[in-house]
Amino acid sequence: MNAVTPLHDTDPARGSRLEALNRWVEEVAALTRPERIHWCDGSQAEYDALLARMQADGTLSPLNRETHPNCWLHRSDPDDVARVEHLTFVCTRERDDAGPNNHWMAPTEAHAKIDALFEGCMRGRTLYVVPYCMGPIDSPLARCGVEITDSPYVVANMRIMTRMGAAALARIEREGAARGERTDTFVKGLHSLGELDPERRFIMHFPEELAIKSYGSGYGGNALLGKKCHALRIASWQARQEGWLAEHMLIVGIENPQGETHYIAAAFPSACGKTNLAMLIPPERYREADWKVWTVGDDICWMRPGEDGRLWAINPEAGFFGVAPGTSARSNPNALATIARDTIFTNVAVTDDNQPWWEGLDDRVPALDWQGRPYDPANGPAAHPNSRFTVSAKQCPTYSPHAEDPQGVPISAIVFGGRRASLVPLVFEARDWTHGVLVGAAMASETTAAAAGKTGVVRRDPMAMKPFCGYHFGDYFAHWLSFDKPGAKLPKIFHVNWFRKDADGRFLWPGFSENLRVLEWIIGRVEGRAEGVQTPIGVLPDTTDLYLGGLPLEAINLERLLSLDHGDWVVELKGFAVHLEGYGARLPRELSEEHMRISADLLHSDA
Ligand SMILES: Nc1nc2c(ncn2[C@@H]2O[C@H](COP(=O)(O)OP(=O)(O)OP(=O)(O)O)[C@@H](O)[C@H]2O)c(=O)[nH]1
Ligand SMILES: O=C([O-])CC(=O)C(=O)O
Ligand SMILES: [Mn+2]
C-alpha cells in the first residue's frame, strides 16, 4: 500500500474534494491492494498513454493504419465473450423486490462472497478511478457514477461510451457538496478482471446502496459498468422511485419532407436490430423525397414526463458498443462510416492486410480468426458472433443535432419488437397505453449471442428488459401503467417484427433501410393520417396502407407478413398467461384484465 499515490494531492486530476468519494477509494484500495492509483481526467493525453500501455502489453494491437486510422483490435479471453446472466445478481434486502425475473442473493452474503474475490486482486496492477456521467453533462436527466477498475481496456471503452473524466468529477463533487456528507448522489461501481476465470465471476447489483460489484470478466455488458449495470439495472430502480423510465431502447428521429421530426424509442432484445434501426439510411425513393433519419441513441433511453405532458428522452451514452457481424455496406453503411477510424474492435477477425473483418461484411476471406488462429471454417465463424465495435457517437454521420440537448427529445411513438420466425406480423398498433404495456410485457424473442447460452430459443423478454430490469417485473409493469394519468400526452405504442420467415427459412421482409416504410406508417398513425384495420391484437395496416414503391413487389409477400392466425395467437396468449402468473400478487390487475379481454376477442372473432 505504500506505493499508492496520495489522494489529497494538489494536482486536480488526482483525488477528489468529495470526502465520501476519497473514503470509498481508500476502502477499495485497502481491500484490493493495487500498486498505484490513477484518477482519470478523461483527456486525450491520458487516452493515448493508455493505448500505448495496452499496445506494449498486447491487450490491443493496431489495425491497418491506412484503411482504419487509429483503430485497435482487442482479443478477449475465449471464455469471456458475452454477458453472463446466470452469474448476474440483484441483491435487494427483500428477495421479492428483485422478483422472479432476477437472480437474487442477500446483500450481506453477496458482499461477503464477492469481497473475498476482490481481496488483494489488484496486486501489481493500477487501480483506475473513472468518474463518468450518463447523459449530457448539463442535463437534469443525466446521472453520474464512478467506476473503479484494474482494466485499462475498460477505462478506454468507458471514455468512448460515457462522458468520462474531469467534467463528470466536477458534477459529482457539486452534487455531493449540495447533499452534505451523503454519498448517494453517484453510483459506486467496483470492477476487477480478476483471473478471468468463469468459475470466479459475478456481476452483482445493490440498488438500495447505488452500488455495483463486478468480478472476473472484461466483456462490455459485464465490465463497462455505466452501461447495463448502471444505466439499466440501477437506473430502472431509481427511475421507479423518481417517476421516470430507464429502458433498453434506441432513439431515432424521423424527419419528413416538410421538415418535421418525430422521435421514436424502440425496445428490441440484444442483437435484434436497435443499432441498425437507429442508423437507418432511407431507401432511395425516400431520400429523393427528402426524408431524413437522425440517430440519438442505439441502446439505452432514459425518459421522463415534461411539463407539457409528453415523454422527453435522452441517450445516457456517448458511444456505440455495437454488434459487428452482419454490419455491411448494404445493411448499415452508416455504421461502416462511423467505425472507419478511432474505433476499438473486440473479437473480430482480420484480413491478410490487417483490416477488421466479420461475417456479412463482404466476400473477402479473413487471414486470422477472432482468437488469432489462421482462419479455418472448421473452427466456426471467423469473427465471434458477439464481436463488437466501440466508437464515439459523434463519429456517426447521422448523429442528431439534438442528441445532446439537456432536456432531451420528445417521444412520439414507442415500438416493441422481437425476433420471431413465425406468428407475429410485421407491425401492429396497441389500442391505448394499457394495451401497449401488455404488448411490451408479452414480448418474446429468439435468444442471440449477446448472452452466454444457447441461441435461437424463443424466450419471454418483456420490453427487452429481462436481463436488465433491476427490480420485480410486476412492479415494473405497474410503474409503466402509472404514466397514464390526467394531463399526460403519451406516445402511441406499436409492435414490429422484421424477422418473420417463410417455409424455407428466408426472411419475408427485406428489413434494414426498408424498415422506414413501417416507421412511416407508424408516424402516419401518430398524426392521425394513416389507415389501419382493427383486429383483436391491435390495429394492423392493410396491404395497401404501407408504401412499397421501389421494392420488387413479386419478392414481398405482404399478405403473409401481415397475416394473423387466430388459433396460433390463442395458444401464444395462453403461454403468456402462464408467464404472467409467475409474477404473482405484484402483477397489476389491469394487465391481467387486458389480457383476458384480448383472449376473449380472439376466441369470438373468426379466424
Ligand atoms: N433480417 C434482418 N436482420 C437485421 C435487421 N436489423 C438488424 N439485423 C441484424 O441483427 C443483428 C444485430 O443487430 P443490432 O442492430 O446490432 O442489434 P442491437 O439491438 O443494437 O443489439 P445490442 O447491442 O446487443 O443491444 C445484426 O447481425 C444485424 O445485421 C433487419 O431489419 N432484418
Ligand atoms: O451488454 C452488452 O454487452 C451489449 C448489449 O448492448 C446487449 O447485450 O444488449
Ligand atoms: Mn443492448
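Any Cβ shown, glycine's included, is placed from N, Cα and C.
TrEMBL: automatically predicted annotations, no manual curation.
Per TrEMBL, the features are:
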DOMAIN    23-240  domain 'Phosphoenolpyruvate carboxykinase GTP-utilising N-terminal'
BINDING   ARG83, TYR219, GLY220, GLY221, SER270, ASN386, SER387, ARG388  substrate binding site
BINDING   LYS228, HIS248, ASP299  Mn(2+) binding site
DOMAIN    244-598  domain 'Phosphoenolpyruvate carboxykinase C-terminal P-loop'
BINDING   ALA271, CYS272, GLY273, LYS274, THR275, ASN276, ARG388, ARG419, PHE512, SER513, GLU514, ASN515  GTP binding site
ACT_SITE  CYS272  active site
>> Considering Cα atoms only, can you say which of LYS228, ASP299, ASN386, SER387 is the nearest neighbour of GLY273 (GTP binding site) among these binding-site residues?
In response: ASP299
>> Around the substrate site formed by ARG83, TYR219, GLY220, GLY221, SER270, ASN386, SER387, ARG388, which additional residues qualify by having Cβ within 8 Å of the site's Cβ center?
In response: VAL81, ALA82, PHE321, VAL323, ALA450
>> Using DSSP and collapsing to three states, where does ARG388 (substrate binding site) fall: helix, strand or coil?
In response: strand
>> Let me check the 10 A CB neighbour count of GLU514 (GTP binding site). How many other CB atoms are there?
In response: 18
> Including all protein chains shown, what's the count of other C-beta atoms within 10 A of the C-beta of SER270 (substrate binding site)?
Replying inline: 24
>> Quick check: in three-state DSSP terms, what is ASP299 (Mn(2+) binding site)?
In response: coil
>> I'm checking region-level scores; what's the whole-number mean pLDDT for the domain 'Phosphoenolpyruvate carboxykinase GTP-utilising N-terminal' (23-240)?
In response: 97
>> Please give the maximum pairwise Cα distance, in Å and rounded to a whole number, for the GTP-binding set ALA271, CYS272, GLY273, LYS274, THR275, ASN276, ARG388, ARG419, PHE512, SER513, GLU514, ASN515.
In response: 24
> At the level of the C-alpha atoms, what whole-angstrom distance separates TYR219 (substrate binding site) and LYS228 (Mn(2+) binding site)?
Replying inline: 12
>> Return only the integer: C-alpha distance in Å from SER270 (substrate binding site) to PHE512 (GTP binding site).
In response: 16
> Rounded to a whole angstrom, what is the largest C-alpha distance between any two of the residues ARG83, TYR219, GLY220, GLY221, SER270, ASN386, SER387, ARG388 that the record assigns to substrate?
Replying inline: 15
> Whole-number Å distance between the CA of GLY220 (substrate binding site) and the CA of LYS228 (Mn(2+) binding site)?
Replying inline: 9
> Should GLY221 (substrate binding site) be counted as helix, strand, or coil on the basis of DSSP?
Replying inline: helix
> Which one is it: of the binding-site residues GLY221, LYS228, HIS248, ASP299, ARG388, whose Cα lies the shortest distance from the Cα of PHE512 (GTP binding site)?
Replying inline: ASP299
> Cα of ARG83 (substrate binding site) to Cα of LYS228 (Mn(2+) binding site): how many Å, rounded?
Replying inline: 10
>> Less than 6 Å between Cβ and the nearest atom of ligand 2 is the rule; apply it to the recorded positions GLY220, LYS228, CYS272, ASN386.
In response: GLY220, LYS228
> What are the other residues, in sequence order, whose C-beta lies within 8 angstroms of the center of the C-beta atoms of LYS228, HIS248, ASP299 at the Mn(2+) site?
Replying inline: GLY221, LYS227, ALA231, LEU232, SER270, ILE300, PHE468
